[in-house]
Amino acid sequence: MEAKKEIEVATERDAEVVLQVAGEGGNGGKEEERTAMAAGSRSRRVAALDVFRGLTIVMMILVDDAGGAYEQIDHSPWNGCTLADFVMPFFLFIVGVAIALALKRITQVSAAVKKIVIRTLKLLFWGLVLQGGYSHAPDDLSYGVDMKKIRWCGILQRIALVYLLVALVEVFTTKIHPNTIGSGPFAVFNAYRWQWIFGCVAFVVYMATTFALYVPDWSFVFHGEGDVNDGKRFVVKCGVRGDLDPACNAVGYVDRAVWGINHLYAQPVWIRSRDCSQRSPDTGPLKEDAASWCLGPFEPEGLLSSISAILSGTVGVHYGHVLIHLKGHSERLKHWLVMGFGLLICGIILHFTNAIPLNKQLYSFSYVCFTAGSAGIVLSAFYAMIDVWGIRTPFLWLEWIGKNAMLVFVMAAQGIFPAFVNGWYYETPDNSLVHWIQRHVFVEVWHSERLGMLLYVLFAEIVFWAVVAGILHKLGLYWKL
């Protein structure tokens, strides 16, 4: 009974904090500490969840702001997986864990559905503001978007969709949620089979559409002020099914048909591929014989790929169910690690046999397996080090960021804070405090644009926001959506 009570108290408090990325702010402060003390030392929060989310935010800041200088950590131009390609699935994984914990007990289905829908709408709103084209932060101080060119998809929009669907499945199956489960390696799977059935439906829809949908020829007009190709129309020849290359895949076709070609991401990473860039995998001049699709738009967070992304959330929900029902540390870690390595190996086999390549842009099944397995292994490692062995101090900075994830995401990863600072400039917009620090404190000191930018991101962004998050944590202040 004592072990069961420990799980219930800890996981319910975890859910309040983990759901920050999914639109629910964390409490995480003095009130929780008093609750933990009252429940006993064994009922403390599972800190690995906060640390995992903090790591994901830090990875996003690093690859977004230093990826231009070190393109080895930027998104893979097409097939493959780099550091940047772990960010989105890690977000969806930890949101899935949070859903399992937050919806463990539901007293009123209608009230739970209402909260889920409201959080989803908030995420969609912030997604459109930050990534739809309205905000041009941090360097462009103007605001506003042409509705003919607004980008409907983005990071928060994908999180919103996955959160909405996976959470609704969890709510509507609440009456068959078990209080206890039987023994055996598949007991948790069987107890929550409806979640896996829904995940399988998403998988079938994605795979059937990807390999069966006919992709016709398409064309686009390139818009690039000052570019020699500005205003030029390009025609891309397709007429195929089941193609996984950049030009003629079903993922891109679905987005062009649903959203319209003017509402897609205009700077896809494939511009750095061998078919396009003279300095691939780095950004460089366009090759003279570049493919016709090189300057075309592509939506990396599109509709069909977001259906596949549901699987990342489903795996996360399963890890949350394991945390709820398996009482011992060794039981949890064994289940998590076996599943994590199983998924990882599955993804590697599919990629290196050329059956289904790892591809973040398509959110391929091998990519789902590889990144979900990696997320499970990383969470297991954090759980073992922090919550089992008690090695917490080295990870406190990640924990602080994880507890205020939405704040750091908006202010740092989306450039809102540096845009605010850039708004106070002297004579010209490129003569602000941010630019001065970049140039005089980092670039000129180290005599290297690349190294200087990397150090700026590490210290002036990541360390700075870790300190800010730590201060806010001590004050018990958290941004809630």
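Along the chain as shown, residues are numbered 1 onward.
Any Cβ shown, glycine's included, is placed from N, Cα and C.
Annotation source TrEMBL lists domain 'Heparan-alpha-glucosaminide N-acetyltransferase catalytic' at 45-172.
The feature transmembrane segment is assigned by TrEMBL to 46-63 (among others). Nonlocal intrachain contacts for the transmembrane segment (46-63), taken as residues 6+ away from its ends with a CB within less than 8 angstroms of a stretch CB, comprise 10-11, 14, 17-18, 20-21, 26, 28, 73-75, 82-84, 86-87, 90-91, 94, 97-98, 323, 375, 378-379, 382-383, 385-387, 392, 395, 397-403, 405, 408-409, 412-413, 457-458, 461-462, 465.
Taking Cβ pairs closer than 8 Å, the transmembrane segment (83-104) reaches residues 8, 11-12, 14-16, 18-19, 21-22, 24, 49, 52-53, 55-56, 59-60, 62-64, 67, 73-76, 112, 155, 158-159, 162-163, 166-167, 170-171, 174, 177, 301, 309, 312-321, 323-324, 358, 360, 367-368, 371-372, 374-376, 378-379 in its own chain, all 6 or more past its ends. Residues annotated as transmembrane segment in TrEMBL: 83-104 (among others).
The transmembrane segment annotation in TrEMBL covers 116-135 (among others).
Remote same-chain residues near the transmembrane segment (155-173) are listed as 21-23, 88, 91-92, 95-96, 99-100, 103, 106, 109, 112-113, 116-117, 119-120, 123-124, 126-128, 130-131, 192, 194-195, 198, 301, 306, 309-310, 312-314, 317 (criterion: CB distance under 8 Å, separation of at least six residues from the stretch ends). Residues or ranges marked as transmembrane segment in TrEMBL: 155-173 (among others).
Residues or ranges marked as transmembrane segment in TrEMBL: 194-215 (among others).
For the transmembrane segment (303-324), the list of distant contacts is 7-8, 11, 14, 46, 88-89, 92-101, 104, 153, 158, 161-163, 165-166, 170, 188-189, 191-192, 195-196, 198-199, 202-203, 205-206, 209-210, 250-251, 254-255, 258-259, 332, 335-336, 339, 343, 361-365, 368, 371-372, 375-376, 379: same-chain residues at least six beyond its ends, Cβ to Cβ under 8 Å. Per TrEMBL, the feature transmembrane segment maps to 303-324 (among others).
Annotated transmembrane segment per TrEMBL: 336-356 (among others), in sequence order.
According to TrEMBL, the feature transmembrane segment maps to 362-384 (among others).
Residues or ranges marked as transmembrane segment by TrEMBL: 405-426 (among others). Through the fold, the transmembrane segment (405-426) approaches residues 20-21, 25, 53-54, 56-57, 60-61, 64, 126, 130-131, 135, 137-139, 141, 432-435, 461-462, 465, 468-469, 472, 478-481 of its own chain, all at least 6 residues removed from its boundaries and within a Cβ separation under 8 Å.
Per TrEMBL, the feature transmembrane segment maps to 453-472 (among others).
By the count of Cβ pairs under 8 Å, the stretch nearest in packing to the transmembrane segment (194-215) among 116-135, 336-356, 362-384, 453-472 is 362-384.
Long-range Cβ contacts of the transmembrane segment (336-356) within its own chain (Cβ-Cβ under 8 Å, at least 6 residues beyond either end) map to 79, 185, 244, 315, 318-319, 322, 364-377, 379-380, 383. For the domain 'Heparan-alpha-glucosaminide N-acetyltransferase catalytic' (45-172), DSSP puts the residue distribution at 81 helix, 2 strand, 45 coil.
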